[in-house]
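Q: Pulled from TrEMBL, these are the listed features:
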type	residues	note
BINDING	B:L9, B:G10, B:L11, B:G12, B:T13, B:V14, B:G15, B:G16	NADP(+) binding site
BINDING	B:K105	NADPH binding site
BINDING	B:E190	L-homoserine binding site
ACT_SITE	B:K205	active site, proton donor
DOMAIN	B:355-431	domain 'ACT'
Number of protein chains: 2
Amino acid sequence: MNPVKVGLLGLGTVGGGTLNVLTRNAAEIARRVGRGIRITHAAAKAYDADSLLGLDQVEVCDDAFAVVDNPEVQIIVELIGGYSPAKELVLKAIENGKHVVTANKALIAMHGNEIFEAAQRKGVTVAFEAAVAGGIPIIKAVREGLAANRIEWLAGIINGTGNFILTEMRDKGRDFDDVLKEAQALGYAEADPTFDVEGIDAAHKLAILGSIAFGIPLQFDKTYTEGITRIERQDVEYANQFGYRIKHLGIARKTDKGVELRVHPTLIPERRLIANVDGVMNAVLVQGDAVGPTLYYGAGAGAEPTASAVVADIVDIVRALTTDPENRVPHLAFQPGELADLPILPMEQVETAYYLRIQVEDKPGVVARIAGILGEAGISIEAIQQKEPAEGESLVPLVMLSHRVVEGQMNQAIAQIEALDSVSGQVMRIRVEQLDA
Amino acid sequence: MNPVKVGLLGLGTVGGGTLNVLTRNAAEIARRVGRGIRITHAAAKAYDADSLLGLDQVEVCDDAFAVVDNPEVQIIVELIGGYSPAKELVLKAIENGKHVVTANKALIAMHGNEIFEAAQRKGVTVAFEAAVAGGIPIIKAVREGLAANRIEWLAGIINGTGNFILTEMRDKGRDFDDVLKEAQALGYAEADPTFDVEGIDAAHKLAILGSIAFGIPLQFDKTYTEGITRIERQDVEYANQFGYRIKHLGIARKTDKGVELRVHPTLIPERRLIANVDGVMNAVLVQGDAVGPTLYYGAGAGAEPTASAVVADIVDIVRALTTDPENRVPHLAFQPGELADLPILPMEQVETAYYLRIQVEDKPGVVARIAGILGEAGISIEAIQQKEPAEGESLVPLVMLSHRVVEGQMNQAIAQIEALDSVSGQVMRIRVEQLDA
């Protein structure tokens with residue numbers, strides 16, 4: 001099949017990220033989709049050409065309406081933001097029979113009802129995964145993954161700036177104003193931080209989440225919105241003493257009387273998983289009647305995380321263009337002819353760090369001999385701990401953490417250690433992973 | 001459109017859950033899908049009729065092949081488990097041109113390559129969201145939500161039994177054998193717990209996740225598998241002392257040399273979100289090159305969580321039957337004509353608990369007066385804290401947590417408290433939510 005042609009409105013942070021991800025991962029994405037996806041046209045007033053991949057394949061102009069009117073383009077991606085001319089552009093694209101992808105939460109929260117009605121009339125799709133919680137596929141999870149459920153409530157940390165500020169206030173005992181200034185310096189907060197710290201951005205997203213959870217029209221104007229500017233360091237400390245964390249939550253709940261849509265600082269028990277979502281990360285906890293609680297966590301903003309959601313929406317639209325079986329989501333995610341013949345590594349070749357527990361005799365020189373064996377095998381020790389032997393016990397556990405090493409090498413060292421007279425039984429070995437990005 | 005007719009193989013735990021969810025939530029699901037989904041035929045040798053909803057609408061027989069051969073049925077849901085006759089039934093359904101939904105991880109991990117090839121030839125879909133991590137839409141997240149990414153690695157707690165055992169060992173300092181017995185009594189572990197505690201069940205799921213993450217064929221036989229039976233209480237304790245938790249992880253990682261597929265106990269830093277996934281819950285952490293780390297959390301087993309995934313798969317198949325715009329995922333999750341006119345509650349009518357911080361004069365009777373105002377308003381106090389005033393300070397913060405109360409009532413009480421002579425400035429009020437299921 002021919003590549004699908006996409007017109008991109010905006011080449012700023014998210015627009016640039018979208019072009020870069022589509023260019024860099026073009027082969028991987030085509031292996032999944034079964035056809036290419038190409039940004040053929042883009043509109044931008046100004047852009048940083050040096051930071052953009054594949055720009056030579058794109059016809060760039062400064063008139064967004066010209067891209068929307070271009071008959072070659074099948075899908076319009078609106079990444080300009082704001083209400084106008086974003087709204088006019090989206091409505092014009094729909095009128096022209098084009099599908100639309102947008103990351104514009106304000107536009108959807110405020111004008112979504114009107115936009116979706118226009119799209120419905122024209123039989124086109126307006127996709128907006130990137131409008132809520134950046135790269136987390138939360139719209140897909142609620143709309144499709146939990147389609148069997150009556151959603152009872154959801155609660156989300158859906159503004160990274162606010163979560164960064166509250167996390168710093170707690171972890172480092174800092175004041176709100178102080179952290180806000182740092183967030184602005186780091187680029188997490190705008191020069192005018194009102195949208196973030198007063199909860200308006202979160203309320204846009206919550207209005208969208210509440211709507212798809214309960215099947216109600218978008219009602220941003222009825223969403224209760226309270227910011228975090230009044231939270232003092234002492235409140236964060238008192239909350240800790242009570243066993244709670246303060247998070248800026250968006251909460252949507254269906255009750256017998258009606259629907260709650262509210263954004264406000266909230267104390268939540270510190271043992272809840274969502275209470276441990278820190279820094280600029282986002283997370284949404286969704287309670288369904290069949291599935292129970294589920295949680296979705298990831299980056300809520302940033303060029304490439306948001307682009308990840310934009311591109312996923314483009315892929316979904318391409319999948320819905322025909323019902324040919326070969327256009328469906330492939331069983332194993334990639335097209336049958338595109339499965340790779342990569343070797344699966346035998347465990348001996350896998351590299352991890354290790355926790356070792358060795359039962360040793362409590363006498364001089366034993367630790368030195370073991371350390372010597374590890375050293376000769378090129379295995380360095382990160383931490384070591386030896387307890388006093390219990391009364392009447394001659395054996396004592398020697399516990400250590402190693403740095404990363406290939407398993408085959410560790411196996412040899414362990415065999416040598418187990419052969420020592422002063423070591424009893426088998427070495428207990430558990431692998432260690434940092435799981436950092 | 002006519003309801004879609006579904007044939008259900010198996011009326012055990014998950015089969016019964018699927019029938020119950022589809023029956024109980026029929027209206028909610030139809031509001032989303034735009035047409036009904038009905039289980040019209042089922043096959044089961046024995047079942048507990050009293051626990052099943054809507055059984056009177058289902059033609060039940062004891063011959064699964066008769067259901068698979070029934071020309072009325074469009075989608076077959078295989079919930080018998082095991083390799084045989086599940087495999088023959090699935091292949092026969094495919095041969096008959098029917099779409100298939102299954103929760104059978106062993107079948108997919110072992111025979112998926114063959115089954116998907118047959119489905120591809122016939123142009124039908126075999127969906128298996130419920131095979132991995134129960135109700136968490138993890139297959140959908142990786143296959144669709146993260147379609148823009150090169151997946152770099154993933155790590156999952158994908159066996160609830162093992163996670164329950166390790167959590168109890170840590171939280172309560174118990175021994176493996178002791179907790180295993182309790183898990184069996186609670187129904188979390190089978191009489192023969194080998195599949196769970198030796199990691200075979202997790203390896204089935206990991207083989208599937210690795211395949212859809214990297215686009216490689218299913219290779220269960222090359223998945224390194226190590227159980228948790230050798231973990232001792234002292235290992236859990238030493239890990240804690242080093243700042244780690246022991247989790248039974250399935251890890252899939254793409255390296256320059258090949259793909260790692262491995263299930264084993266793993267020490268992970270206690271501050272990682274996934275280190276705090278406790279009890280029978282599952283979670284999968286996925287690292288994509290564009291999106292960064294994302295995490296998906298929820299119930300990995302149980303009748304209705306698994307049914308949630310089965311029904312989502314059925315809905316997906318129904319959506320792919322035609323490309324009519326009205327058959328797509330609706331913009332707001334529910335069909336445009338099905339949006340509900342529910343009232344959004346004004347904040348005064350919302351009920352939450354409260355954290356209150358009140359600046360009071362440090363003199364007798366003040367706390368009693370405030371408690372009196374709250375008591376008269378029907379607001380009971382859960383915890384209260386008052387610090388000594390700082391040197392030379394006459395004001396001191398009085399901090400308390402209340403039980404749940406309607407906001408309007410709390411507003412009135414706060415107004416009365418703020419009017420007291422012995423109270424200075426505004427009362428700081430933050431809402432408290434338990435976020436429990």
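Each Cβ is built from the backbone N, Cα and C atoms, and glycine gets one as well.
Quantities reported herein were computed from a predicted structural model and do not represent experimental measurements.
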Q: Closest of the binding-site residues to B:K205 (active site, proton donor), Cα to Cα, picking from B:G10, B:L11, B:G15, B:K105, B:E190?
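A: Result for B:K205 (active site, proton donor): the nearest of the binding-site residues is B:K105.
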Q: Give the sequence-ordered set of same-chain residues, not counting B:L9, B:G10, B:L11, B:G12, B:T13, B:V14, B:G15, B:G16, with Cβ within 8 Å of the centre of the Cβ atoms defining the NADP(+) site.
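A: For the NADP(+) site the neighbour list reads B:L8, B:G17, B:T18, B:L19, B:A44, B:Y47, B:L79, B:I80.
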Q: Would you list the DSSP helix, strand and coil counts for the residues of the domain 'ACT' (B:355-431)?
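A: DSSP composition of the domain 'ACT' (B:355-431): 23 helix, 32 strand, 22 coil.
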Q: Enter the number of other CB atoms within 10 angstroms of the CB of B:L11 (NADP(+) binding site).
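A: Taking all protein chains shown, B:L11 (NADP(+) binding site) has 27 Cβ neighbours within 10 Å.
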Q: Can you tell me whether DSSP puts B:L9 (NADP(+) binding site) in helix, strand or coil?
A: strand
Q: State the Cα to Cα distance, in Å, between B:G15 (NADP(+) binding site) and B:K105 (NADPH binding site), rounded to an integer.
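A: Distance between the two Cα atoms comes out at 15 Å.
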Q: For B:L9 (NADP(+) binding site), what residues in its own chain, 6 or more apart in sequence, show a Cβ-Cβ distance under 8 Å?
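A: Those within reach of B:L9 (NADP(+) binding site), by Cβ under 8 Å and sequence separation of 6 or more, are B:G15, B:A42, B:A43, B:A64, B:V67, B:V68, B:I76, B:V77, B:E78, B:L79, B:I80, B:L89.
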Q: Among the binding-site residues B:G10, B:G12, B:G15, which residue has the fewest other Cβ atoms within 10 Å of its own Cβ?
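A: Fewest other Cβ atoms within 10 Å, among the binding-site residues B:G10, B:G12, B:G15, is found for B:G12.
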Q: Can you give me the same-chain residues 6 or more apart in sequence from B:T13 (NADP(+) binding site) with a CB-CB distance under 8 Å?
A: B:G302, B:A303, B:T306
